[in-house]
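Enquirer: Structure in C-alpha cells, see below.
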Amino acid sequence: MPAVFTFCLLILTAKVGFSAADAVTGLKLVEEGVPKEHLALLAVPMVPLQIILPLIISKYTAGPQPLNTFYKAMPFRLLLGLEFAFLVWWTPRVRHEGGFPIYYYVVVLLSYALHQISLYSMYVAIMAFNAKVSDPLIGGTYMTLLNTVSNLGGNWPSTVALWLVDPLTVKECIGAPEQACGNALEAELCTKAGGSCVTTLDGYYVESVICVIVGFGWWFLLGPKFKKLQDEGQSSWKCKRTN
C-alpha cells in the first residue's frame, strides 16, 4: 500500500514547523514571569471554543477533499509561530511591579484562540481523512494506526524542539571576558572568575524562525503531494487479501 507509506512519511514531517511554538512558548512565558496559574486560567475560555470548532470545521471536511482544509490552515498556523515569538519578546517589556496589564492577557487570549482555530482545522481535517480512507473490513485498527502516526508526527518534533533550545542559545560571560558560557562547566568557571552568564541570543527565537522556514518549505514542496493523496482510489488504501 504505497499510499499509506507516503501518508505516514509526509505526516511525520508535516508538523515540524509548529514544534517551537507548540512545545516551548508556554515555558518561555513562564520563564519571563507570567504566573502558571494565570496561563491555566486562560485555558478555561478555550474549552467552549474547542467544543464548537470541530462542529464548524466538520462542514468543510465532510466532503471528498478534507485535506484541503489542512493545507489552507497550515500557513496561518506557521505565521502564528512568529507571533508567539513576538509575544515572548514583548512579555518582559510590558511587565510591571504588580504583574501584567489586562490588555496583555487579552492579547495572549486572542493569540491562543487563533492558534486553536488553526490547530483544530488541521486536526479535524486529518481525522476526517483517516476515517475516509480506512478499510472498513479491518475496523478501528486501521484508523488507529493512521491516527497514531499522525500523533507521533506532532510529538517527536516537540521533543526535539525542547532539546534544541539550549544548544541554540548564545550566552556571554559578563565581567570575565576571557571565560565562556557554552556549557554548565564553562558557566561555573565564569562565576568563579567573578563574572555572570548573560543570554545574548535566546535559542527559542532562532528555533522559531528555523521552524517556520522549514514549515513553509514543507508546505510549498510537499503540501501539494500531500493533498493529492485524497485523489487516490479506495483500492490504494485497502489491504491486499490472500486466500
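Cβ coordinates come from backbone N, Cα and C, glycine included.
TrEMBL feature annotations, pasted as is:
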| type | residues | note |
| --- | --- | --- |
| SIGNAL | 1-21 | signal peptide |
| TRANSMEM | 39-57 | transmembrane segment |
| TRANSMEM | 69-90 | transmembrane segment |
| TRANSMEM | 102-125 | transmembrane segment |
| TRANSMEM | 204-222 | transmembrane segment |
Enquirer: The transmembrane segment (39-57): which same-chain residues, six or more beyond its ends, come within Cβ distance under 8 Å?
Expert: 26, 29-30, 69, 105, 108-109, 112-113, 116-117, 120-121, 124-125
Enquirer: Using a Cβ-Cβ cut-off of under 8 Å, list the residues of the same chain that are 6+ residues beyond the ends of the signal peptide (1-21) and lie near it.
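Expert: Residues 74, 77-78, 80-81, 84-85, 115, 126, 133, 146, 149-150, 152-154, 156-158, 160-161, 204, 207-208, 210-212, 214-216, 218-219, 222, 225-226, 229, 232, 236-240 contact the signal peptide (1-21) from elsewhere in the chain.
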